[in-house]
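A.B. asks: Structure provided below as C-alpha cells; questions to follow.
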Amino acid sequence: MLVKRLCKVWQYGMGRTVLATMAAHSNSISVGLCQGYSAILLPQLQDKASKLVVSEQDASWIAALGVISNPLGALLSGLLVELLGRRTAIQLTAIPYVVGWVCLALARHFTLLCVGRFISGLAVGMAAASYLYVAEVAPASHRGPLSACGPVLVSLGVLIVYTLGFFAQWHIVAALCTIFALFSLVAVSLVPETPPWLAARGRTAEARTALVWLRRSPAAADKELAEITDSLAQANKEAEAGAGRCSFVQPAIWKPFLLLLAFFLFQEGSGIYVVLYYAVSLFQEVGTEMNEYVASIWVACMRLVMSLLGALAIQKLNRTTLACMSGVGMFLAMLAAGFYEHLFSSLPPSSRPLPWVPLACFLVHVCVSMLGYLQLPWIMTGELFPLRARGAMGGIVSSLAHLLIFTSVKTYPDLRNAIGMDGVLWVFSALSLCGAVFGKFLLPETNGRTLREIEMSFGGHESDKAKDGKEGVDEEAAMPPASASVAARKNSRGEAVAAPVDPNDDSILDIVAASSRGQDVYTISLGRQR
C-alpha cells in the first residue's frame, strides 16, 4: 500500500521530492541501529563466556550513554541547520556515527565502549534535522506520509541490528553499521538544500533552482517560491512592527513548545524506548516460549510492518485520532502485561503458564505505538514552529525529548528494583492513558495544512483556506481545467457578468485589480502551464 501510494505520488511529478526525502531519511536507518544496539550488546557482555564482563549498573550506563549525548546532538543540530543549512547538517551527522561505530568495533574495555556509545549518541540527536528537511521540501498534501518514512527506516535499522546480533558478535555488528552512515552521507549529497532556508537568506535564485529540481516544473516552482517569499515578507513586516520577533513570548513559539514537550513526556512515559533498548533483557525476565533474540527480532519485524501501516494511516487519519488510538492501545497492552507479571512473578520464567502472553502484550504495545505515539512527536517538531524559529526551537525540543529518553532508559533498572516489574508496567500503562487523553483534547491538528497555516493558527489567526474548511484539498485537483478561463466584469447596473478570456494565456493564476486606476474590474484567468 505504501509503495502504491509513493508510486502515485511519483506520477504526479513528485518523484524527485520522494527521492530527496528518502535520502534525508536514510539517516534514520543509523538511528535505529544505535537505538537497538544496546539490546544485543548488553546480553552478550553479561554472558559468562564474554571476555569483557560488565555489572548491571555498568550495563545501564552503556545503554544510557547512547542517549545522554542525544540532547547535545539535538542542540548542535539546531545551530547547524540555521547556520549551514538543513542538508549540510544531515551530512555532518555521518561523522559522529562513523567515529562512534569504530570505537565500539575496536573496544576491548569498558571505557572505550562508553566513549563509542556517547559519540554515536551525538549523531542520533543530530538526526532530527532530517524531519526538518522533509517538512520544508514536501508539499502539504504529501507531507504526512513522506515524514512518516523516517520512523519506517528507524524500524528497519532496529530490525537489522537485532538480526545481526543473533548471528554475529557485538564488535562485528558495530563495524558493519559504519556502512549505513557512509551510505547516508553519499545519498544526501545528491539532493538540493531546502528552498525556504535558501530564500530566507536571500539566495532566491538557488531556491528557485532547488524547487525546479524537486517539482520538475518551472511554473510550479515559481508559484511555490512566490508563496515562500510572501511568507517571509509578512514575517519581516511583523518583525518591524514588533510582533514577529523570534521570542519565546510569542504564541506561535511557546504554544507549540509546550505542546511538543508534553507530547514527548507521554511518549517516554509509555515505555516505548525502554522496550526498544532492553528488548532481549525484558524477554529474559518475563519469559517467553522462544529464544530471547528471536523474540526481539519478531518485535522488530512487527515494528517495521506497523511503521509502514502508520505511514499510510497518517495520510488518511487525523493526528489527534492516531494519537488517541495509539495511547489507548499501549494502555491496554501494558495493563495486561502488568497483571500477568503480578500474578506469576513468584515463578521462574520457564515455569509460568501461558508464556506467550508477555510476548503478545509487548508486540501489541510496539504495534500501536508505531501508529501514532512513536512517530507523531518527531514529525510535528518540523511542522509546528514558524520558519524564523524552526531550526533553533526544533533543536531545543528535540534536545529535551532525548533528555527524557535518557531519563527513562537510565532509571528503568532502578525503578524496576524499587517497585517491581509489574509496577513499572502499570506506570507505563497509566501514562499511556494520560497520553491518549492529551491526544484527544489538546493536540493540534496539522494533517493537510501548510506550514504557514499552522503558524498562523498558533498566532490566533486562521488562513482563508482553513476558515473555508478546505484543509487537505489538493490544489491541483481543485483547479479547473486549463481551458476553463473566466472573467468577472460589472455592467452599468453594477451586476456581475461573465466575459471570455483568452484560453491560451500562459499564466497559472493571474489576478489583476484595476480599481486603483478607477476601474472596477477583476479578472481571474487560469491558463496552461509552460
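Think of each number as a place in line: the chain as shown, counted from 1.
Glycine is no exception: its Cβ is also placed from the backbone N, Cα and C atoms.
Computed from a predicted structure; not experimentally measured.
Per TrEMBL, compositional bias 'Basic and acidic residues' is recorded for 460-472. Annotation source TrEMBL lists compositional bias 'Low complexity' at 478-488. Annotated domain 'Major facilitator superfamily (MFS) profile' per TrEMBL: 16-447, in sequence order. Per TrEMBL, region 'Disordered' is recorded for 460-503. Per TrEMBL, transmembrane segment is recorded for 60-81, 88-109, 115-134, 146-164, 170-191, 257-281, 293-314, 321-340, 356-379, 391-412, 424-443.
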A.B. asks: Which of 115-134, 170-191, 257-281, 424-443 has the most Cβ pairs closer than 8 Å to the transmembrane segment (321-340)?
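C.D. replies: It is 424-443 that shares the most Cβ pairs under 8 Å with the transmembrane segment (321-340).
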A.B. asks: Relative to the transmembrane segment (115-134), which of 60-81, 88-109, 391-412 accounts for the most Cβ pairs at distances under 8 Å?
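C.D. replies: By Cβ pairs under 8 Å, 60-81 leads among 60-81, 88-109, 391-412.
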A.B. asks: Under 8 angstroms, Cβ to Cβ: which one of 170-191, 293-314, 391-412 has the largest number of such pairs with the transmembrane segment (356-379)?
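C.D. replies: If we count Cβ pairs closer than 8 Å to the transmembrane segment (356-379), 293-314 scores highest.
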A.B. asks: Residue list, the transmembrane segment (293-314) vs rest of chain: Cβ under 8 Å, 6 or more residues beyond ends.
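C.D. replies: Sequence-remote neighbours of the transmembrane segment (293-314) are 1-2, 5, 36, 39-40, 43, 144-145, 147-149, 151-152, 154-156, 158-159, 162-163, 165-166, 275, 279-280, 283, 322, 359, 362-363, 366-368, 370-372, 374-376, 379, 447.
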A.B. asks: Are there residues at least six beyond either end of the transmembrane segment (146-164) with Cβ under 8 Å to its Cβ atoms? List them, or say none.
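C.D. replies: Same-chain contacts beyond the ends: 2, 17-18, 21-22, 25-26, 28-37, 39-40, 130-131, 134-135, 138, 172-173, 176-177, 180, 276, 279, 293, 296-297, 299-301, 303-304, 306-308, 310-311, 314, 370, 374-375, 378-379, 382-383.
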